[in-house]
Amino acid sequence: MRFSRRCLEGSSSAVSEEGGPAVAQLRNRNPVAQQRHSETVSKMAGADGDDSLYPIAVLIDELRNEDVQLRLNSIKKLSTIALALGVERTRTELLPFLTDTIYDEDEVLLALAEQLGNFTMLVGGPEYVHCLLPPLESLATVEETVVRDKAVESLRKISQEHSPVDLEVHFEPLVKRLASGDWFTSRTSACGLFSVCYPRVSSTVKAEIRQHFRTLCSDDTPMVRRAAASKLGEFAKVLELDYVKSDIISLFTALASDEQDSVRLLAVEACVSIATLLPQEDLETLVMPTLRQAAEDKSWRVRYMVADKFSELQKAVGPEITKNDLVPAFQNLLKDCEAEVRAAAANKVKEFCENLPEDSREQIIMTHILPCVKELVSDTNQHVKSALASCPEVRLNIISNLDCVNEVIGIRQLSQSLLPAIVELAEDAKWRVRLAIIEYMPLLAGQLGVEFFDEKLNTLCMAWLIDHVYAIREAATCNLMKLVEKFGAEWAQNTIVPKVLGMANDPNYLHRMTTLFCINALSEACGQDITTKQMLPVVLKMSTDQVANVRFNVAKSLQKIGPVIDSSALQTEVKPVLEKLATDTDMDVKYFAQEAISVLVLA
């Protein structure tokens, strides 16, 4: 019997208490199965007068309860039932009972498939592990994919516990039955079992397994071909090299040319495994024609898979083929007409550059990759179909890889080739793009040097402080602190501090508050002298601001920079201002002023 719901056809419909059909919860069982169930329960748990087995009888009875949760709970306690019954009765009574009488909800079948994978010792060890095959075989044919997958997972697990003889006598026939089943569900499950039994069977059986796999690769049902394609690389790894060349390559070529793009993209995934198995001299003739074809496939999903697996493919085929074939292919993917493909390729720029052969790395990046990167980052032409510049994910991927490009090609080339694009992105309409650039600014500043930074990027850093998005203003404040740590307090005093303090008179109160946030961030890095002589007077002046939000942030700033200021200034300048703010009409200003007085011990 199968666990599939098809088996329930012909059974009378159940009726709920309200009189309507209970389609899911209340399944009316076949009378013969009900009778067999009652006999089995009686036989297993009480016919011999052993009252100690009564709780087990209750658990078994729950397997047929109309409440799904009760059935699920009972399935999860199968190991308890099996332990109580002992290995012999588990084999002869419990497993047949499970195989023959359970038709259930998918979640119950899923739990059963998982439980059976751990049942080896409960049926008597590896010698009897084949007893678990019938129920798992049935579970491997059900309609619900997650149940089938779990059953296959358990079958793969227990296959390792079969002796070579049992594998041929019991397991391999099961694989054949699934592979030649009438329903596509069984044939898809078979695809996941070939690789686990192939290495340990005789050469005759190996030939049969290879034939079955070939048949499934050309199955009429796309779902089966898809399952075969997904396991092609795994199966190739256990085959002898001669059969990889004679069998797997032809299957790979056929699947990569399948009419269904969902099959073709899985063939690309298998390409990585196949390429690692073949000698270098065979790759060009056996793999590369198909890979070139996939990189130019009419379906964007296939090209996306090529882009997504590009670094793995690069490592598998080696440096020579990378230079001759993969570099042009990568360029095309970076220029693809679909944003999803470009995004996937852009995400591989860093790894691709790192894995290029050292002797030609700079030449390849400068000549082939960097022009594409420049185009992707700076292209704002709205007439270009799905222009990359309109895809923030791609642009952020490029930005996140700038540090790698910088390390690889050096600062001179970076400043000439990418700086215009960086400046453009720093003013991008999408705030997340601007945020990404800010986060990379300290790195770029360190590479460019202080003079170049002041000339090209300083203005940008100051402009971010008055951005209309708070997250940008906050990140820009942190950025200034990192720049001061990198370039020093003298640079800050001459370049940054005057501009920050100038914002204290801005008509927009948000910008005036940004001045306070910057002072908070910069005080420690700038040191006592600059903080006391240049920053403190501005903070104290802002204590009379018309906006309460500014005034309470003055109190918070004084608390923050207090430890940096010299003690005499604290007593003579800071304390009077905080005492005045502590009597403010606004409750928040009062609160933060009193807190600052307490923390700074000025009371």
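Along the chain as shown, residues are numbered 1 onward.
Placement of Cβ uses the backbone N, Cα and C atoms for every residue, glycine included.
Keep in mind that TrEMBL annotations are predicted by a computer and have not been checked by a curator.
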Stated TrEMBL location of region 'Disordered', expressed as one of 1-21, 148-168: 1-21
Long-range environment of the repeat 'HEAT' (496-534) - Cβ separation under 8 angstroms, sequence gap at least 6: 462, 465-466, 473-474, 477-478, 480-481, 483-485, 489, 541-542, 545, 547, 549-550, 553-554, 556-557, 560-561, 564-566, 569
Model confidence over the domain 'Phosphatase 2A Regulatory Subunit A helical' (132-313) (mean pLDDT, whole number): 89
